[in-house]
Structures are given as structure tokens and as C-alpha cells.
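Report on one structure; see the data block that follows.
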């Protein structure tokens with residue numbers, strides 16, 4: 001399949017970019033460097049369409065047969081898709097790229113062996129690793145958690161696994177290392193010592209941070225919040241929860257967040273909210289740009305297709321300074337009925353174009369400055385010289401308030417007018 | 001109306017306690033001291049049955065007429081209900097007990113004037129104040145927040161208001177002081193500087209904590225988390241979010257939580273989860289024991305009537321050491337169609353009995369020790385002497401794991417068996 | 001304020017239409033006739049910004065004072081906004097236009113009296129009535145339902161009220177008559193005879209249909225489904241539920257639906273789903289084009305601002321033949337903090353433009369025919385001549401299936417490719 | 001394992017019934033005949049603990065190896081559990097009891113072959129079949145629906161499959177036949193002809209009803225509503241939706257409902273609501289007595305453990321005349337971490353006891369008659385002789401209302417008092 005090219009908004013080619021002109025310079029940088037798009041290994045090359053009520057529907061040539069040979073065939077297919085889409089980055093879990101072995105040692109050896117294949121392919125293609133991570137949730141040994149497992153042997157297994165995945169990520173020049181704790185939570189408090197499990201998770205993260213420094217990995221460790229599913233409750237519920245956790249264990253300097261829209265809405269938040277919270281605490285790392293279905297209670301991991309919604313998210317992202325080591329990762333899968341290989345290409349092409357459109361719209365909002373101006377004007381009273389509100393004690397502020405016979409009069413929040421500005425961008 | 005008395009489980013009197021035997025000693029203390037039950041002023045004496053689609057349905061003799069005279073009549077009615085129910089505590093907002101005046105000074109004077117009435121009634125009856133709080137959400141001036149308002153004059157107004165309410169609470173011997181930030185949040189990020197608002201809220205809370213120390217108020221300041229409603233997003237989303245906020249502003253030593261079941265489920269949590277989180281971080285203060293409707297998306301503030309659910313909550317409460325300065329506050333209102341005064345009594349009598357039943361069940365669970373034993377046994381591996389998991393670096397743990405050829409085997413979580421133990425209590 | 005005009009997409013005038021070119025012909029008709037836009041009386045002229053936690057924030061010149069004089073001033077303001085926006089239609093409840101009187105007779109007289117004012121204004125301006133309705137939910141007498149009230153006197157009151165509102169709608173040349181049953185439901189099954197209440201509601205609706213025929217009203221009666229709020233459960237839960245109800249009482253020929261996006265998502269549906277269901281059963285009447293917040297559990301009634309979402313809804317609307325007597329009613333209110341009169345104009349201008357953009361996009365999808373073609377192709381197997389699947393008995397179909405050694409092979413649903421087609425429109 | 005016996009509420013044996021005394025006569029019949037408890041094949045003998053993020057955790061002796069031999073071993077295990085629990089009924093899908101073959105004919109032959117094994121076991125043990133059903137959702141051929149599939153060959157395959165399953169159910173003396181349409185719905189309207197699919201589903205159901213009559217099967221066909229999962233939208237959304245569907249296709253005389261609590265809450269309803277709706281339309285068939293988690297958005301299918309909630313459901317069930325051909329089926333699975341065989345027994349023993357407790361409480365409520373009395377009294381006004389509300393035209397009712405100068409006064413709904421009555425049962 002030929003590489004997908006930018007052909008402009010009037011193209012009738014279903015497999016062309018209409019908006020993603022990678023070299024277009026906006027806000028001082030090419031679009032490519034703003035978006036830092038990444039294809040993920042798991043949904044695109046591992047996902048087989050099984051769901052809780054049905055068997056696999058999707059078969060790919062590299063599925064089945066000898067596990068290590070299949071892993072190499074999968075890597076070939078993956079880098080071919082990266083070429084077709086012309087994306088600069090990819091992401092993986094250790095178990096996406098390499099199979100479980102008979103023992104811990106054999107499993108880690110598999111990871112390292114396929115890692116060498118990936119290193120060669122990166123060198124040959126120029127595609128880079130946005131982040132690596134370890135799958136600490138699929139195998140039954142993790143059913144009661146990895147770091148938070150009641151069995152310390154699972155903690156140790158997880159430690160060895162993350163060490164290898166982090167080192168591989170480092171070796172492959174990965175820009176970040178991600179941790180998603182799908183099983184770090186509980187099914188019922190009746191069998192759970194919540195405080196002990198948080199301590200275990202804090203200790204684990206501290207070990208990883210320490211190791212990152214030891215090996216000289218420059219990128220941040222990123223935690224990916226999700227409130228539930230598969231666990232009844234996951235400890236990394238949302239951005240604010242993870243921030244509290246990091247503060248409790250003194251890790252807020254070394255750890256940032258990888259945020260996802262679908263996880264945000266499962267937690268009751270918009271995507272832009274999670275980004276704004278992360279920015280407020282200085283811990284925004286990277287983004288997963290799938291979309292969820294607000295009417296369904298599970299992670300649907302669909303490709304993005306709503307420009308207005310993503311515009312709001314990217315607006316917050318730009319306001320916070322944009323992505324540095326992070327990127328936009330398509331943690332998105334084709335639907336179970338989209339069984340053709342071509343569906344995978346359509347899905348990414350559409351998603352990439354939606355990201356480009358939304359970013360360009362957000363950039364226009366920032367450049368026009370109307371939103372920023374309206375916000376600044378709204379809080380302008382706080383910047384009056386000599387204002388007493390933030391100085392003095394409660395007593396002093398109260399005394400001044402009574403003395404001045406305060407009578408604050410409400411002012412319009414102008415929400416609809418501001419929404420119109422966004423809609424017009 | 002006569003005082004409601006304990007008559008035992010076989011009573012056929014609809015207005016008797018079947019389970020709330022205040023003097024019954026369990027876990028070393030009388031039930032009265034474990035539960036520390038409180039009736040709230042707002043729902044019981046102010047709520048008039050209006051909803052977003054309908055006018056008031058509930059009229060009470062003390063509603064209407066001269067505002068200060070009505071406030072005194074309301075206080076009479078309130079202390080009469082406390083007597084009827086034989087509860088040891090009550091709670092209020094400043095605006096529940098006293099009306100808004102024409103100016104800030106007049107309003108604060110009203111608060112203090114009715115405060116004197118309450119002091120007399122407390123002395124006469126022995127009923128005590130569990131906590132006081134200030135209403136910083138009903139008046140239009142607070143429509144864009146109190147501490148987080150874009151207008152610093154509203155911050156100042158709020159500071160004066162809280163100062164007076166805190167001092168009144170102190171004067172009345174209140175055991176805690178509560179802050180609920182219903183308008184401390186946003187409707188749209190488009191007009192909001194989230195970080196600035198968090199800073200304002202942090203500053204405000206620090207001022208209150210400082211004033212508490214200055215006046216010698218011994219009780220804790222309690223924040224009441226709620227994720228949304230009336231705001232689209234409230235900053236005090238849930239227990240974990242507030243903990244992160246307290247850490248960010250260095251207030252975790254002075255501030256605790258007042259948790260509510262209805263707020264918990266709006267945030268996607270069980271009540272017992274919120275209690276367990278607060279215990280893990282050492283910030284459990286007090287509980288609002290209403291119930292919400294998990295199928296409705298707003299605060300229904302119904303009286304509790306599900307013993308199994310409340311048993312789980314009280315079990316976590318007892319595990320964390322039980323209530324000290326806190327209590328169980330009925331932040332609950334009769335339904336809009338329950339327009340008779342008698343409905344108010346039925347509601348509280350039923351709610352009190354449900355609390356008593358649930359506490360007795362939870363206490364039995366604690367005394368039997370089966371749940372605690374099962375949990376201890378589940379994590380027992382961590383207590384093996386010389387276990388390496390928590391010591392050493394990631395490298396050392398990984399090396400040991402590979403060397404030992406770890407093969408952790410999953411063990412049953414036994415959830416159903418543990419649920420049976422609870423069901424049987 | 002001058003009338004808002006179409007100035008094209010490049011206009012920088014915040015109060016101009018960029019997309020709503022009323023005379024533009026698309027799919028054979030001017031946009032004005034496709035959209036049939038209507039401003040509602042209640043949110044725009046009655047709503048005062050009160051919410052369950054706060055007092056009114058919005059004051060308008062026509063609020064307060066003598067009730068009938070205020071009603072006339074309100075009518076002046078309403079028709080002035082219709083002129084500013086240049087919309088062809090409006091909608092009202094009887095209680096929006098005229099105040100409650102001291103008695104039933106006085107109340108009905110008020111309705112008729114203001115009706116005469118409206119008739120004059122319609123004649124003078126050419127603005128038409130899309131639909132009228134009666135408010136059977138705000139007054140305390142309706143707290144336990146109107147038609148479904150346990151008290152037959154409330155049923156009778158409601159009958160008289162609807163009779164007057166229907167006759168007024170008829171007299172004003174209204175195109176439809178709407179019924180929304182906000183209190184036709186229950187708070188608890190413990191005090192409810194569900195079957196009896198459904199029978200009462202069926203009887204009531206039959207009476208209204210009968211009266212419509214008697215007076216020669218040509219437009220349809222429309223039921224507006226909503227699942228909950230204010231009631232815990234409302235009988236008109238969603239489109240499918242109302243259809244079953246209409247069939248049960250034999251009213252499916254005379255009654256259609258007025259659907260709303262916010263009500264759809266409260267019921268767990270997309271707006272386009274509700275429209276598709278109504279079309280499948282031949283009962284689509286009219287649409288309320290507000291938007292809800294999928295993360296909040298109540299009716300936020302916001303102005304629409306998401307073109308992609310509304311495009312899907314209008315696509316289903318056009319597929320079903322478009323609106324005939326119905327229209328697009330802005331059952332939307334400015335936010336509680338949007339207290340300036342200008343906010344009302346910004347909100348409608350933005351909403352109208354979003355509707356125009358979405359309709360134009362949906363029309364392009366229909367004209368291009370790619371979606372319709374893909375759907376037709378997907379089911380093409382059913383149109384093979386001589387196909388046995390729909391003919392014959394289960395036995396015959398099964399016998400043929402076994403005989404033919406069926407081995408159906410799954411085909412891609414192509415969802416992402418189809419979503420791209422929509423995104424590009 | 002010995003058979004579980006009734007030992008009374010004070011038993012300390014974890015595997016004894018404390019409340020389920022099968023022979024205890026209540027409301028004129030033994031508890032066994034009221035409850036008609038059934039164990040399901042799929043969750044208890046097929047479920048392996050896999051979830052969307054994890055591999056199987058549960059291994060049973062009968063899993064793996066030769067498929068037909070495994071099916072026989074599974075049947076042995078199943079009937080042994082029925083004996084241990086002393087339940088009178090069981091339920092199955094065709095694919096639970098027998099494996100897929102290489103062809104349609106081979107698959108149907110497998111079904112029939114294991115059917116003979118089950119017949120022998122039923123005869124030997126006295127355990128009876130509550131209902132059978134066909135799995136039309138797991139195999140990839142059903143990914144786009146069974147009856148509603150765009151491919152008519154899948155309709156034909158499904159027809160043959162249901163014919164065999166229905167005949168087997170008939171042959172085994174099954175009391176009902178169930179249809180659950182997990183894939184009868186859509187993922188996106190963009191590729192769906194909703195009306196055509198409803199017509200296909202109506203036609204399919206009509207064929208099944210016709211075949212039932214042909215073969216002389218006396219039990220009802222039951223549809224099991226579920227709103228979503230696995231499909232984005234399922235056509236059998238809830239009880240009211242299915243009723244409308246049955247009316248549209250003229251099938252309401254032959255088809256009833258199998259209702260489930262977890263499906264109810266996913267649709268936004270309580271379990272008791274769904275039962276009340278089914279009773280109102282005369283289509284209550286049978287119940288699945290699992291529980292869902294109201295804070296999770298998917299089918300958790302947990303064993304029931306909340307007596308107050310189930311009491312309300314059983315109260316509606318008894319009010320509607322109780323179960324006739326239906327029963328209480330444990331469509332419930334042990335948690336993924338409950339990997340021991342013993343967990344399966346604990347789960348059922350607890351669930352059975354909870355059902356017994358709840359039924360006894362509901363029966364006490366019915367016997368006491370207080371709730372029924374309160375309801376009757378509430379609507380008593382409708383029974384006044386000569387009352388005009390339901391007679392006459394709208395005009396006549398309105399005229400009478402005005403003439404009588406109606407002034408209905410609201411009466412308390414007494415919800416809290418009624419809730420206390422339930423809590424005390």
C-alpha cells in the first residue's frame with residue numbers, strides 16, 4: 001500500500017490526508033513536531049476482536065504459529081503501517097512485541113530479543129519510540145495486582161519485568177516510559193488492605209524512578225490514570241488522584257501523566273479538564289487521543305472523530321506549553337466488525353486528520369487571543385495594585401470588607417459568546 | 001409530640017426505635033457515643049420542596065413573616081425536633097439560622113444574634129453543635145465562586161462570612177467546622193483560570209486554618225467533597241482529590257474530610273471507598289449519612305434505608321478508629337411530596353434505626369474478626385522475615401527474582417465467601 | 001438591537017449569521033423551510049437563573065410587578081427577540097405567557113387574554129406558533145402527577161387546562177400541540193399503582209386526541225419523552241417506550257413525538273437513535289435542538305455547539321423525510337452566570353449557525369449518497385430473488401440451511417471508513 | 001461435597017442454609033415452589049475468568065481435551081453441583097452444553113447428542129430444566145447480529161439453531177424458552193438500516209412462536225431485555241421497549257419477559273421497575289437474580305447479596321401473582337479472582353439464602369397489607385361513585401371542573417413512612 005500523502009481538503013481520495021500537512025508551520029513549529037503522532041502496537045497488531053460475549057473476529061497473517069517468528073512478522077507489519085501512515089512514533093507493551101516464555105528469565109529474554117529487531121527497524125526507517133511500557137495485567141499472576149499484589153513474589157516479578165521494559169525503552173531511545181495500573185486497585189474492600197497496597201505501589205514507583213536515574217534515562221515516567229475497568233476501582237483514578245499519590249510518596253518531581261479521553265470520561269471528566277488539572281500541577285506528559293462513548297460504561301477506545309471536542313483538549317494542551325517529550329498516541333482500535341486490514345488504515349487516516357484539524361483550530365484560538373483576553377479581563381480585579389484580598393489575615397480581610405461596605409455585583413460569565421468563538425474557529 | 005424511645009425490634013409503634021438503644025454498650029462505648037447523631041437545620045427546617053421544575057410544596061409555621069422573628073420560631077421548632085428524636089447533636093449553615101441583612105455588617109450581626117438564641121437553647125437542652133458552616137453558594141454574588149471568584153470582593157465577603165461562622169461555631173462549642181464549596185469550581189474552562197482559582201482556594205483555606213488557631217478553636221476544619229452539582233465541576237471532587245489539594249497547599253495536618261454517600265456515588269465511588277481513602281491518608285473527620293439514588297445524576301439526599309450498604313461504610317469507619325470529633329449527620333431531606341410535619345419524624349426515626357442496625361452489624365464483623373483475619377492472611381507473605389520485595393533496588397529485586405525462578409501461583413480472592421460473612425452479620 | 005443578518009463564513013461580526021442563509025436552497029427547499037427554527041418562551045423569557053443551590057441571578061425588565069402587565073411586557077420582549085433573530089416560529093407553555101389566577105376559571109381566562117395579545121403580534125410580525133403546550137408540573141397541585149394524579153380533581157383540572165391550551169394553540173394557527181409529562185411518573189413504587197396510572201394517562205391522551213378532532217385542529221399531538229427529572233421515573237421514558245404506550249391505548253395514529261437531545265442522553269441514547277426509532281415507527285414529529293452534558297445527570301438544556309453530533313441527528317431526520325409540521329425548537333437556556341440580555345442573543349445566533357452548518361453537512365451526505373449506498377450494499381443479500389430466509393416456516397428455513405451446508409463468512413462493517421465520510425462532510 | 005442443608009439462622013456452618021427452608025410454607029406454598037431456583041450452566045461451568053484485559057484465571061477439570069468428552073464431564077460436574085445445592089432447576093445455552101462442530105449439521109448433532117445425556121441425568125436426579133436458549137452471539141458469524149444480520153445466511157443459520165434448541169428444550173420438559181439478543185442491535189447507525197433489522201427480528205420471533213405451537217411446546221417464549229453490551233445499542237433495550245416491539249409485530253400474546261437486575265440498571269431502571277412494567281402489560285415471565293454494580297457500566301453478573309433491594313423486587317413479583325412457569329435463575333458468576341471450586345458453592349449458598357430472606361420479607365409485607373392499604377387509600381378518590389373524571393369528553397370534564405371551582409389540595413406521599421415499613425420487614 002502506498003504511503004498516505006497530504007492532498008488538501010478537496011481531495012476525493014479516501015486514503016489521503018486533507019488536513020495533516022506535516023510540514024506546515026503553525027505557532028512556530030511544523031505540525032509534525034506539535035502532534036508527535038504515534039501508532040500503538042497493541043490495538044493495531046495484537047487486538048483480535050474478541051469481546052466479553054464473543055470470540056475473535058480479526059485474523060492477521062502474523063497471528064498464530066511459532067511465537068517468536070510471529071513476533072518478527074508482526075514487527076514487519078507494524079513498521080509497514082508506520083510507513084504507510086508516515087507517522088514519526090510508535091508505542092508498545094513488552095507483551096505486544098514479544099511472547100511470554102516458560103520462565104521469568106525466558107520471558108525477559110524474549111523481550112530483549114525482539115527489542116533488537118525493533119532497534120534495527122527504527123534505524124532503517126527513522127520511526128522513533130514515543131514510549132514503552134510493560135503489560136502487568138493480562139497474565140493470571142497479575143489478577144490481584146502487580147505492585148499491589150498480596151503476594152510479594154508478584155511484586156518481584158513485576159519489578160524484574162519493568163526493569164527490562166524500561167531498559168529496552170532506554171536502549172531504543174524512547175522519549176518516555178509509561179505505567180498503567182489496570183490491576184492496581186481492588187474488586188472488593190472486603191479482602192483489601194487499601195493503605196498497604198498504596199504503600200506497595202508508592203514503593204514500586206520509587207524503585208522505578210530510582211532505576212531510571214541510575215541508567216540515565218532522560219525521559220519522564222508517566223502514569224496513565226484510569227478510574228475502573230478491569231478493576232472495580234483503580235488507584236490511579238484520575239489526574240488529581242495521581243497528583244495526591246505522587247505528593248504522598250514524594251514523587252511529583254519525577255513522574256508525569258499520560259492522559260486519555262476515554263479514561264477521563266469514565267472518571268466523570270472531560271479530556272480538557274484532565275489536561276488543565278495536569279497543567280495546574282505541572283505534570284502533563286503525553287496524551288492518548290482515542291475517544292470514548294459517553295453513553296457506554298467501558299473503554300471503547302475508538303478513533304477520534306469529533307473536531308470540536310478535541311479542539312478544546314488541544315487548546316488546554318497549548319495553553320500549558322504543548323507537548324515536550326510527549327506525543328499523541330492512537331490508543332484506539334478498529335471496531336470488532338471492522339475486520340479488513342484496510343479498516344486499520346482508514347481509521348488512522350481519519351484520526352490523524354481530525355487531530356490536525358483540531359490542532360489548527362486550537363492554534364487559531366490561541367493566535368486570535370480572544371479567549372485568553374476574556375479570561376484575563378475576568379480576573380483583572382485581582383491585579384489591582386494594593387488589593388487586600390490575598391494579603392493579611394482573615395481578620396484583616398474581614399475588617400476591611402466590613403469597613404468598605406462591600407457590595408460585589410455579579411458579572412456575566414459570557415459562556416455562550418465564548419463558545420461561539422470556539423465554534424467559529 | 002412525645003420523645004421517641006427505644007422499644008426493641010418487636011415494637012409495633014411506628015414512632016419508636018427498634019434498634020437505636022442509645023445506652024447499649026458495644027465495642028466498649030455506648031451506641032450514642034459511637035454514632036454521635038446529628039439533625040441538620042437546612043433540610044429539616046429550611047427546605048420547602050421546590051425543585052427545578054416546581055414551586056414549593058412544603059410550608060412550615062416558621063416560614064414567612066419578619067425574618068428575625070421567623071429565625072427564632074425556627075430555632076424553637078428545631079430544638080423541639082431534637083428533643084423528640086433525642087439526638088445529641090445538630091448542624092447548620094449561617095444562612096439556615098439567620099437571614100441575609102441589607103449589608104455585610106447587618107448579615108453578620110444577624111448571624112451573631114441568632115447565635116445567642118442557639119446558645120441559650122443548647123444550654124437548656126444539652127443538645128450540642130456537631131459543626132457549623134457558612135452558606136457561600138445560594139446568593140447570586142457567589143454564582144462564580146466564593147474563594148475562587150474572579151471578583152476579589154467576593155473573596156473578601158466570603159472571608160468575613162467564614163470568620164463570623166467559625167467564631168460562632170467556636171462560641172457554641174462546636175466540635176468541627178465544615179466547608180463545602182458548591183460554587184468553587186467551573187461551568188466552562190473557556191472563562192476559567194483553573195490554576196489561579198486553586199491558588200485562591202488554597203489561600204482562603206490557609207487563612208481559615210490560621211484563624212482557627214488564633215481563636216483557639218480545637219476542632220478540625222472539614223472539607224466536604226462533591227464532584228459536581230451545582231457546578232459542572234467542583235474542585236473538591238472526592239477524598240483523593242482533596243488530599244492532593246491539601247498536600248499542594250501544605251494543609252493536610254489541619255484539615256480533614258466530611259464525607260457523604262450521595263457525593264461519593266456522584267463521583268463514581270462507594271461510600272466505603274471514600275472512608276477507606278480518608279483513613280489511608282489520615283484525614284477522616286465526619287460523615288453525612290444520607291443516601292443517593294445510583295440511577296439519578298443529582299444529589300437526592302434521601303434518608304438511609306439500606307442496612308447492608310451502610311454496614312460496609314461503618315465497617316471501614318470502625319477499622320479506621322471510629323469517629324472522634326465527627327458524627328453522623330442526617331444531611332437528608334424528606335421527599336417533595338412528603339409535606340406533613342410527621343413525615344420529618346418518620347424519616348429521622350427510620351434513618352436512626354438503620355444507622356443503629358448497620359453499626360451493630362459492623363461491630364459484630366469487627367468483633368468476630370473473620371474479615372480482618374482473612375485480610376491479614378492474604379498479605380501474610382509480605383511479613384515473612386527477610387523478604388526482599390520492599391528492600392533493595394529494582395536491580396537487586398529483579399536479580400533475586402530471576403535467580404529464584406519465581407513462579408507465583410494465583411490464590412482465590414474469596415470475595416463471595418467474605419460477602420456471605422457480611423450478609424450474615 | 002438590529003436584526004441579525006447572514007454575512008457569510010468570513011464575517012467578523014459576532015452577531016451575524018455565518019452559515020444560516022435562510023433563503024439558500026438545498027435539497028429543493030430554502031433552509032428556512034427545512035429548519036423551521038423556533039425560540040421558546042420559557043427559557044428565554046421566564047428562566048431566572050435559580051438552581052437547586054442558588055437564588056435567581058437573572059432579572060429582566062418584565063419580571064415582577066402586576067402579573068398581567070408583566071405578561072404583556074414579556075410578549076413585547078419576546079417578539080422583539082424573534083425579530084432580532086429573524087426566526088419564523090416560537091413555542092410556549094400556557095404558564096409562560098400568562099400568570100396563574102386565583103381560581104381555575106381565572107387562570108384559564110388569563111391564558112385566553114394573553115392569547116389575544118399574541119394573536120395580534122403574530123399578525124403584525126408574521127412570526128408563527130410552532131407549538132403550544134400546558135405547564136402541568138410547576139404548581140404544587142401537580143406534585144404527584146397531572147393525568148396520573150391519585151386525586152381525580154387534579155385530572156379534571158389538567159383536562160380543563162389542556163383544553164384551553166389546545167384551543168389557544170388552534171386559534172393561533174399552531175402547527176402542533178405538545179405534551180410533556182414531567183410529573184407523570186413516580187418517586188417510589190411503594191405508593192404507586194403503576195398500571196392504574198398508565199390507564200389514567202392513556203385515558204387522558206385519548207380525551208385530548210378526541211378533542212383535537214372535534215375542534216378541527218389539524219396538527220399532531222406530540223409527546224415529549226424524558227426518562228427522569230423531575231420524577232424518579234417518567235412514564236414517557238424514551239421514543240420506544242412511548243410507542244409501546246401508544247399501541248397499548250390505540251393512539252399511534254394520532255400522536256407523534258417531540259424529541260430532545262438532552263432527554264435522549266438521559267435515557268442512555270444518542271439523539272440520532274431516538275430519531276431513527278421514531279422514523280421506524282412513523283412517529284417523528286418535531287425536535288428540541290438543545291444539547292445536554294453527557295457527564296452531568298440532569299437536563300442542562302444548553303444551546304447546541306457541536307456540528308458533528310448534530311449532523312448525525314439531522315442525517316437521520318432527512319432520511320426519514322425531514323420535518324413536516326415540526327420544527328427545530330431551541331429548548332435551551334443561557335447559563336446561570338450569563339446574566340446579560342446580550343448573552344441571550346449570542347446564544348441563539350451561535351445555535352442557529354450550528355444548526356445550519358449541521359443541516360448543510362447532512363444534506364451533503366444525503367446528496368453524495370455514499371452512506372446510503374454502503375447501507376444498501378450491506379443488506380443486498382436480502383434482495384436476491386428467491387431467497388428463502390423470510391419465506392417459509394422455521395422448519396423449512398432450517399432444513400434448507402442444513403441442506404445448503406451454509407457457511408456464512410463475516411464481512412467488515414467498515415465503521416471507521418463511514419465515520420471518515422461523515423467527518424469530511 | 002455433601003448436600004447443603006437448612007440449619008436455621010444460628011448455624012455457624014458456612015455451607016448451610018440459614019434462611020432457605022425449601023419446605024417452609026408461606027403464602028400457601030412451599031418456598032421451593034415460590035422461588036423455583038435455577039443454576040445456570042454458562043457462568044458456573046463455562047466461564048473461565050477471562051476479561052477484556054486478562055487471560056483465563058479459572059481452570060476446571062472438564063475444560064480442554066476432546067470436546068464431546070469434555071461436554072459429558074461438564075454435565076457430570078453440573079448435576080453434582082445441582083445436588084450439592086439441592087436446587088430444583090437449571091438453565092443452559094446450546095453452546096454451553098455442547099461444542100460447535102465443523103458444520104451446521106454437526107453442530108446441531110452435538111446439541112442433540114449432549115441433550116440425551118442431560119435427559120438421562122434429569123431422570124436420574126429429578127432436577128428439571130427451567131429454560132433453554134441458543135447462543136447466537138459468541139461465534140464471529142453473529143458479529144453483526146443473528147436475526148438482524150445483513151447476511152440472510154446468518155438468519156437461516158440462526159433459525160436452524162433455535163429450532164434445535166427449542167426442540168431440545170421441549171424434549172427435556174423445559175418450562176420456558178429464552179431469547180437474548182446480545183448482537184441484535186448496532187454499533188453505528190451509519191451502517192445500519194434500523195427498520196429493516198427490526199422487521200427481520202419481528203419475522204424471526206414470529207417463526208419461533210409458530211414453531212413452538214407446531215411442536216406443542218406449552219411454555220412461553222421469553223425475551224431477555226438488555227440495553228447495551230456487547231452491542232452499542234440492543235433492540236431489546238428494556239421491558240417497555242420489548243412490549244412496543246411485541247405489539248408492533250403482534251406477538252404480545254405469545255411472548256413474555258425474562259428480566260435481570262443488572263440489565264435493568266444498565267437501562268437506568270430498578271429491578272422492581274422492570275417487574276412492575278412487565279406486570280402492567282401482563283408479560284412477566286421469569287427472573288435472573290444476579291446483581292449488578294450501579295457504579296460500573298457493564299454487566300458484572302454478581303451473586304445477589306442485598307436483601308432490602310431484592311425484597312422490593314420480590315414484592316412487585318408477588319403483587320403480580322408470582323412466578324408460574326418462570327423461576328429465579330442465578331445468571332451470576334464468581335469473580336475472576338474466585339478461582340477455587342469452593343467459591344462456586346459459597347456464592348450459590350449465599351445467593352440462595354439472600355433470595356429466601358428477601359422473599360420472606362416481601363411475603364410479610366404482602367401479608368401485613370399495610371403497603372397495599374396505603375396505595376388503595378391514596379387512589380380512593382377515583383372510586384367515588386359517580387365520579388366524572390374518567391367518563392365524558394374533555395369538554396364535559398373541563399366544564400364540570402370550572403363549575404365546581406375545583407381546588408385540589410396536595411396530600412403527603414408518605415414515602416419515608418412506607419420505606420420504614422419495608423425496612424422493618
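Heads up, the Cβ atoms here are built off N, Cα and C, so glycines get one too.
Unlike curated records, TrEMBL annotations are generated automatically.
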Given that TrEMBL annotates C:224, C:260, C:331 as Mg(2+) 1-binding, name the residue from C:193, C:288, C:306 that shares the site.
-> C:288
Whole-number Å only: compute the distance from the Cα of residue C:299 (Mg(2+) 2 binding site) to the Cα of residue C:260 (Mg(2+) 1 binding site).
-> 10
Neighbouring CB atoms within 10 angstroms of the CB of residue C:224 (Mg(2+) 1 binding site), all protein chains considered, total 22
Those recorded positions of C:93, C:96, C:224 having Cα within 10 angstroms of residue C:301 (Mg(2+) 2 binding site) | none
Cβ neighbour count (within 10 Å, all chains shown) around residue C:288 (Mg(2+) 1 binding site) = 25
Cβ distance under 8 Å to residue C:96 (active site), same chain, sequence separation 6 or more: which residues?
-> C:41, C:42, C:45, C:46, C:135
Relative to the Cβ of residue C:263 (Mg(2+) 2 binding site), which residues of the same chain, six or more apart in sequence, are found under 8 Å away?
-> C:224, C:225, C:226, C:227, C:238, C:274, C:288, C:292, C:299
Expressed in Å to no decimal places, the gap between the Cα atoms of residue C:93 (active site) and residue C:331 (Mg(2+) 1 binding site) is 12
Among all the protein chains here, how many other CB atoms are within 10 A of the CB of residue C:260 (Mg(2+) 1 binding site)?
-> 27
Secondary structure at residue C:260 (Mg(2+) 1 binding site), reduced by DSSP to three states | strand
List the other residues in this chain whose Cβ sits within 8 Å of the Cβ centroid of the Mg(2+) 2 site residues C:260, C:263, C:299, C:301, in sequence order.
-> C:226, C:261, C:262, C:266, C:288, C:290, C:292, C:300, C:331
Helix, strand or coil: which one is residue C:224 (Mg(2+) 1 binding site) in, per DSSP?
-> coil
Look up residue C:288 (Mg(2+) 1 binding site) in the DSSP assignment and report helix, strand or coil.
-> strand
Enter the number of other CB atoms within 10 angstroms of the CB of residue C:93 (active site).
-> 22
